[in-house]
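Per Swiss-Prot, domain 'Protein kinase' is recorded for 19-298, and the stated evidence type is sequence analysis. Swiss-Prot lists VAL25, GLY26, LEU27, GLY28, ALA29, PHE30, GLY31, LEU32, VAL33, LYS48 with the feature ATP binding site. Annotation source Swiss-Prot lists active site, proton acceptor at ASP140, citing sequence analysis. Among the features that Swiss-Prot reports, phosphothreonine is placed at THR170, with the record citing similarity to another entry. Feature annotation from Swiss-Prot assigns phosphotyrosine to TYR172.
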Amino acid sequence: MEFIRAEILGTTFETTSRYANVQPVGLGAFGLVCSAYDQITQQHVAVKKMMNPFANASIAKRTYREVKLLKQLRHENLIGLCDIFISPLEDIYLVTELLGTDLGRLLRARPLDNKFAQYFMYQILRGLKYIHSAGVIHRDLKPSNLLVNENCDLKICDFGLARVQEPQMTGYVSTRYYRAPEIMLTWQRYGKMVDIWSAGCILAEMLRGKPLFPGKDHIHQFFLITEVLGNPPPEVVQKITSGNTQRVVNSLPNQEPRPLRAVFHEFDNDVISLLEQLLLFDPDKRLTAETALQHPYLAPYHDPDDEPAALEKFDWSFNDADLPIDTWKLMMCVAIGSAKCAPN
């Protein structure tokens, strides 16, 4: 396999000769992303260099998890993996579909017309139905992780934080504005409904053109939520596992909930109704992705015969393993060796 090496944004970028016209798109904490032209498929693609994938055992596990998720999760509303390889410098490169922009960039320009918000929300929930049916929680759903092309096709990306639903889970995940209250309150026990809360926040932001709960820190974030929803009900407070957090919540001044109709007076009744069933303190009372797809607001797009669930659960057996870096590297090589370019 022949590799071509270039310096891009101060980073060595190595690709196989299959990929031409490599141009930088963005640089983040976990990787450099470039656009390129795939000379075999004759399609434009995104090539992501994963930075220091084996820097330590924790990062190696995160890298392995993201690769496994991209390989197994195949759906029209999830970013599709086309190729994967390890370069001569032992960096990992992921090749995925290339979409022109993301929802975050669109929202920085202006609010969306209702018809676009409707279509994007349908696709978000369609993707979440599939993810959740595979036993996966995204945990970091936000506008910048929702890629969009010129046809308004939407694809969920960035599965670096995705996890299995477990009894105990870490508290600091997801970008603050879209973070479900149970993450802030209980810190450890939560499930797939954190993604549903995030989707509700994104729907409100699409129509308003600005975040619904733009907290400066997690305490301010929680305060902004109570300004709309009121104090958390007793059944939610009882689920808080931290005694300190429970005392703080119980000491809050009484805050009556505001009707969402008063908060979003410019929205139509159907979207208010959907938001009321997504943005609930109690995750057990929120609509699932599958039931939300049946809501009247999404009726123009809902098709139960074209909203597939995963055929099998994702295998999380590796997730609790405490393995040395060399073992993760070997497992990664095995995974990459069996990677195929498969259509969604």
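From the backbone N, Cα and C atoms, a Cβ is placed for every residue, glycine too.
Keep in mind that what you see is a predicted model, and the values were worked out from it rather than measured.
A map of Swiss-Prot features onto the structure.
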residue: VAL25; record: ATP binding site; Cβ contacts under 8 Å, 6 or more apart: VAL33, CYS34, SER35, ALA46
residue: LEU27; record: ATP binding site; Cβ contacts under 8 Å, 6 or more apart: LEU9, THR11, VAL33
residue: GLY31; record: ATP binding site; Cβ contacts under 8 Å, 6 or more apart: LYS48, LYS49, MET50, MET51
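According to its DSSP assignment, VAL25 (ATP binding site) is in a strand. Here the domain 'Protein kinase' (19-298) returns a mean pLDDT of 88 for the predicted model.
A sphere of 10 angstroms centred on the C-beta of VAL33 (ATP binding site) encloses 16 other C-beta atoms.
Using a 10 Å Cβ-Cβ cutoff, ASP140 (active site, proton acceptor) registers 20 neighbours.
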